[in-house]
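S.K.: Just passing along the structure, written as structure tokens.
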Amino acid sequence: MIARISKSDVWGSVDAPPSKSYTHRAIAIGSMGHYAKITGPLLSADTLATVSACRAFGADIRISGDTVEIAGVIGKPRVPEDVIDAKNSGTTLRLCSSIAALAEGATVFTGDSSLRKRPNGPLIKALNDLGAVCYSTRGTGTAPLIIHGVMKGGRISINGSISSQFISSLLISCPFAKNDTTILIEGELKSKPYVEVTLEMLEKAGCRIETNFEEFRIQCCQDYNLGEYRVPGDFSSASYPLAAAAVTGSRVTVGNLFPSKQGDAAILEHLLDMGANVFWDEEMGTVTVEGGRLHGIDIDAGQTPDLVPTLAVLAACAEGTTHINNAEHVRYKETDRLRAMATELRKMGVQIEERQDGLDIEGGRLTGATVDGHDDHRIVMALAVAGLAADGQTTISTAESVDISYPAFFADLGKLGAKVEV
């Protein structure tokens, strides 16, 4: 699908979609426990892949309107009858890999061409060290993966610098292992807030995990029960309409943004630091951004990788130079997001230098161009925001990928008055 964006002001209000990260975890934790009633989930391509995978493990999942009810497997997943296709969802693949390690038989995972390029080596090693048998069919650490249970627990170490999803995966499944588990983190734990989200939800479900974030200690033979759970709004998705207000000198309010463990709430601090006017009514769950005179800043993206495409566009529209640092792990997402943003913003006239772990961006005037969305929802949405600030028209390919996390994205832009054709 092609999207065409013309220079526009944006005014008004929209609600943030439900959090993709919380929804994935609610489905996985609900499926591994006794029962869950999840209200206000994000039902998108990615999260529905997790629903399908958990059904394959034996969870009874029923979707009705704005509610998902789950009768879980209580730590004893069955062996799937067929290959599990995680589609484009790295979260599905990684969270469910550890679930597969509890099944008394072999599970096969695959995914689309993008997912089959994403690294899983540290998780494969961890599952093997815990007593399961796990390997990549091509020996590359990428899907297709074959996983045979049952993991027993034990003491392992895992690299924390590639993806925090590896750690979240183990935290969800290791409470059901036959022995206690200790996980030692090697190097910096990148994207730590996502692990905090996992721990928050497991604690609500009654699971006991001790940690200082360098070491995780998990008691064996537990079970848990998520019960009733409401999914919060997604700050990652909200970053796009908020940034749209900032780069066009407009005013936008985004609702359904209450305080939570989401690290991507840091977008509000970054907007303030760059010169936008930001007001967050935490009780009402509304964030209002009014564009100001933006200027470049230095940003550490180590804990907020999903904000990098948005931050790159803000930087492109700001005066001076912005340095986005500590972001090498952003290369291992649906696409290499550092390279993708550098490549596409250059087409729009932006001076941008790509480093192994970041971007140096000189702000200036943007010109509409034909750009590639790289089949990546965050690249597409970030480029759409850039198109709102660019002279002329911007044409974006693979626009359908927004269905992964924000299906109503283009409709919401239109609601705010943007000139959008899809």
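Residue numbers in this text run from 1 along the chain shown.
In case you wondered, yes, glycine gets a Cβ from its N, Cα and C as well.
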S.K.: Out of Ser52, Ser64, Ser136, Ser191, which one does Swiss-Prot list together with Lys20, Ser21, Arg25, Ser163, Ser164, Gln165, Asp306, Lys333 for 3-phosphoshikimate?
M.R.: Ser191
S.K.: Can you name the recorded positions among Lys20, Arg25, Ser164, Ser191, Asp306 whose CA is within 10 A of the CA of Arg378 (phosphoenolpyruvate binding site)?
M.R.: Asp306
S.K.: Could you tell me which three-state DSSP class Ser164 (3-phosphoshikimate binding site) falls into?
M.R.: coil
S.K.: Taking Lys20, Gly90, Arg118, Gln165, Arg337, Arg378 as the record's phosphoenolpyruvate-binding set, what's the max Cα pairwise distance in Å, rounded to a whole number?
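M.R.: This binding site's residues have a maximal Cα-Cα distance of 19 Å.
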S.K.: Taking the Cα of Asp306 (active site, proton acceptor) as the centre, which of the binding-site residues listed as Arg118, Ser191, Lys333 lie within 10 Å of it?
M.R.: Ser191, Lys333
